Amino acid sequence: QLTSSSFLRIGQLSNVDLNEDIHELETELPRQRPNEIPHNEKLLSLKYESLDYDNSENQLFLEEERRINHAAFRTVEIKRWVICAMIGILTGLVACFIDIVVENLAGLKYRVVKDNIDKFTAKGGLSFSLLLWATLNASVVMVGSMIVAFIEPVAAGSGIPQIKCYLNGVKIPHVVRLKTLVIKVCGVILSVVGGLAVGKEGPMIHSGSVIAAGISQGRSTSLKRDFKIFEYFRRDTEKRDFVSAGAAAGVSAAFGAPVGGVLFSLEEGASFWNQFLTWRIFFASMISTFTLNSVLSVYHGNAWDLSSPGLINFGRFDSEKMGYTIQEIPIFIFMGVVGGILGALFNALNYWLTMFRIRYIHRPCLQVVEAMLVAAVTATVGFVMIYCSRDCQPIQGSSVAYPLQLFCADGEYNSMATAFFNTPEKSVVNLFHDPPGSYNPMTLGMFTLMYFFLACWTYGLTVSAGVFIPSLLIGAAWGRLFGISLSYLTKGSIWADPGKYALMGAAAQLGGIVRMTLSLTVIMMEATGNVTYGFPIMLVLMTAKIVGDYFVEGLYDMHIQLQSVPFLHWEAPVTSHSLTAREVMSTPVTCLRRIERVGTVVDILSDTSSNHNGFPVVESNPNTTQVAGLRGLILRSQLIVLLKHKVFVERANRNLVQRRLKLKDFRDAYPRFPPIQSIHVSQDERECMIDLSEFMNPSPYTVPQEASLPRVFKLFRALGLRHLVVVDNRNEVVGMVTRKDLARYRLGKEGLEELSLAQT
């Protein structure tokens with residue numbers, strides 16, 4: 001769509017006035033896309049389908065289950081454990097790959113810039129160094145943003161909101177594809193090396209989920225290869241369970257926190273939970289941490305010392321030096337309040353920014369330009385802050401990776417540079433563990449302020465990157481500042497160690513932004529290797545969540561809402577008892593008779609206006625007109641497979657059907673069933689009949705039309721349903737409840753509100 005001249009001009013945008021250029025682009029691309037996309041968060045999108053978490057217990061399924069003996073069930077169980085082990089190993093390896101590549105590329109970049117700065121400090125002309133730094137950043141980020149914007153837009157962001165939706169039962173297109181994984185991994189590496197205010201931890205969760213979905217299916221649709229293994233697991237029920245294991249493995253590889261990973265899957269993800277699943281997920285997380293640990297230990301040259309359990313290692317906090325006393329607990333609670341308020345501010349700013357992005361910056365080329373702009377601005381801000389800072393610290397005894405001398409005396413380094421001139425993970429560890437007096441309060445204050453706005457601007461760009469580490473960094477900076485001011489006030493009392501307050505500040509800030517409680521407490525405890533702080537961290541996180549929820553919801557929930565995803569929370573809205581199934585359900589329902597004309601089925605499936613996915617099957621009673629009783633439920637995907645294999649009554653009578661359909665035929669078509677348009681049905685075949693009795697689910701879940709909304713919601717959410725048939729007292733179909741009908745009702749500021757449905 002773009003001509004080559006406009007591509008060239010995009011390359012030169014750095015020295016053109018942006019507004020002129022965008023107008024020129026618009027004159028060149030007439031009538032293609034609107035300049036402004038009207039967007040309203042009070043919408044629910046109809047483009048998202050549900051997952052069929054509930055098995056269809058038709059005759060084929062029951063026959064297969066009866067054929068399988070006890071030994072075969074045992075092999076299936078063993079296969080599940082094998083898949084979980086493979087998920088763990090591969091997630092660990094992907095994490096290692098990201099870590100090693102980022103370390104080497106970022107190290108190279110920082111060495112080049114450092115040599116350049118040292119050279120120009122002596123003879124003047126530091127603006128060249130700034131130009132070099134900004135250009136390096138912008139060019140790396142440009143590549144990282146282009147692959148996301150033009151190849152796979154789902155890979156943008158941290159991927160946690162998308163995985164939350166998938167585990168909630170919403171099918172987000174392309175979210176667990178191999179292509180997404182490749183783009184995700186490359187994008188993360190490029191955006192961290194490009195010096196954006198991002199972390200590589202969030203995307204690990206998405207990567208783990210993609211790996212899990214891929215392995216458990218035993219084939220890749222992107223590569224068009226089928227390995228003919230694990231065929232039993234080709235349905236949404238099994239796939240979704242494995243994806244929750246992959247998400248847990250991702251968390252545990254990122255933070256070295258296997259228990260935290262399991263709790264993350266439990267808290268954020270899986271709506272359907274059982275004991276065996278928990279145990280398997282824990283197994284996958286442990287394997288993933290262990291793999292990462294062994295590979296990185298070998299890479300760092302001490303093969304027997306397993307000391308790097310996660311991508312981020314906060315280092316050990318010693319209990320002797322770092323205990324806490326009872327009078328500090330109110331201080332921690334106060335820090336929680338501050339974290340909640342700052343987190344709410346972060347989310348509110350990001351909300352307005354995202355609305356602006358959805359409306360105006362929706363063309364891929366503009367998204368790439370914005371990402372490059374942010375990268376250049378980040379480098380410039382960092383450079384100016386380092387240049388203006390006069391905070392010098394002695395070099396000996398400090399563990400700074402790239403000490404910049406700039407205008408300090410010999411043997412000293414600029415301490416602002418340790419914060420900006422480093423990958424964010426290293427800066428967090430420095431803030432936790434540097435001895436008291438390594439930072440000037442002024443430095444910390446300026447850094448917090450700047451980094452807060454940079455991180456807020458960066459989240460939601462079209463690059464793949466997480467928000468975990470930037471929020472920890474902001475929190476650690478203001479926490480350390482808080483600790484320093486406390487020790488000023490108490491005349492250097494022993495208990496006011498700034499590192500401890502940096503940890504609490506980090507927890508408060510992260511809790512205030514993402515609002516996770518249980519898993520985050522455990523992740524922080526496992527990552528610092530210290531159980532003593534369990535109680536204060538829990539207090540801080542709870543306070544931050546309560547205070548933040550008073551103002552605005554968590555960052556991930558907010559982005560899910562902005563995408564208009566029909567997400568079902570744990571409970572129905574509190575005030576919804578007055579609504580009944582009759583008011584919630586969708587009508588009219590398209591029903592099929594048990595023995596139906598093929599032409600009718602094809603017409604119903606081709607009708608784009610209704611586009612239903614589940615059809616109640618009723619008793620065929622030719623002479624009467626009234627709707628007969630409910631006999632079962634059949635899915636669109638099953639009907640398509642039946643039409644594709646031409647399973648018609650007439651052909652069966654003439655022995656034209658070579659064999660009976662097996663479940664394997666349905667599994668081989670999963671997950672991308674062909675569209676109805678691709679199936680050719682001749683005029684004679686339209687007059688045939690099709691018998692649905694052995695393919696329909698004869699026992700679908702139903703509710704009476706008087707059932708209250710919370711009751712319907714509980715049934716729907718706990719069983720992970722996709723269709724819930726509403727019947728009257730004669731067992732005749734009156735309506736159908738789907739995910740959209742339940743997700744429409746939401747608690748707003750004024751009470752219960754109903755969202756409108758939109759096609760986009």
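Using N, Cα and C of the backbone, Cβ positions are placed for all residues, glycine too.
Remember, TrEMBL labels are computer predictions, not curated facts.
Quantities reported herein were computed from a predicted structural model and do not represent experimental measurements.
According to TrEMBL, the protein carries these features:
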- 696-754: domain 'CBS' (DOMAIN)
- 81-102: transmembrane segment (TRANSMEM)
- 130-151: transmembrane segment (TRANSMEM)
- 181-199: transmembrane segment (TRANSMEM)
- 242-265: transmembrane segment (TRANSMEM)
- 277-299: transmembrane segment (TRANSMEM)
- 329-353: transmembrane segment (TRANSMEM)
- 442-461: transmembrane segment (TRANSMEM)
- 467-489: transmembrane segment (TRANSMEM)
- 501-525: transmembrane segment (TRANSMEM)
- 531-552: transmembrane segment (TRANSMEM)
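Residues 317, 319, 322-324, 328-329, 332-333, 335-337, 339-341, 343-344, 347-348, 351, 500, 503-504, 507-509, 511-513, 515-517, 520-521, 524-525, 558 of the same chain lie 6+ residues outside the transmembrane segment (531-552) yet bring a C-beta within less than 8 angstroms of a C-beta in it. Residues 94, 97-98, 101-102, 105-106, 109, 137-138, 140-141, 143-145, 147-148, 151-152, 155-156, 159, 206-207, 210-211, 214, 312, 374-375, 378-379, 382, 423-425, 451, 454-455, 458-459, 461, 463-470, 472-473 of the same chain lie 6 or more positions beyond the ends of the transmembrane segment (181-199) yet place their CB under 8 Å from a CB of it. Between the transmembrane segment (501-525) and the transmembrane segment (130-151) there are fewer than 3 Cβ pairs closer than 8 Å, counting only pairs 6 or more residues apart in sequence, which means the two stretches are not in contact.
Packing against the transmembrane segment (442-461) from elsewhere in the chain are residues 145, 156-157, 196-198, 342, 346, 349-350, 353-354, 357, 367, 370-371, 374, 377-378, 381, 385, 389, 391, 415-416, 419-420, 467, 470-471, 473-474, 477-478, 480-481, 484, 555, 559: each is 6 or more residues past its ends and has a CB under 8 Å from a CB in it. Sequence-remote contacts of a segment are chain residues at least 6 beyond its ends whose Cβ falls under 8 Å from one of its Cβ atoms, and for the transmembrane segment (329-353) they are 452-453, 455-457, 459-460, 471, 474-475, 478-479, 482, 486, 501, 504-505, 507-513, 515, 536, 539-548, 550-555, 558, 562.
Taking residue pairs at least 6 apart in sequence, the transmembrane segment (130-151) and the transmembrane segment (277-299) share fewer than three C-beta contacts under 8 angstroms. Confidence over the domain 'CBS' (696-754), given as mean pLDDT on the 0 to 100 scale, stands at 88. Residues in the domain 'CBS' (696-754) partition by DSSP class (helix H, G, I; strand E, B; coil) as 16 helix, 23 strand, 20 coil.
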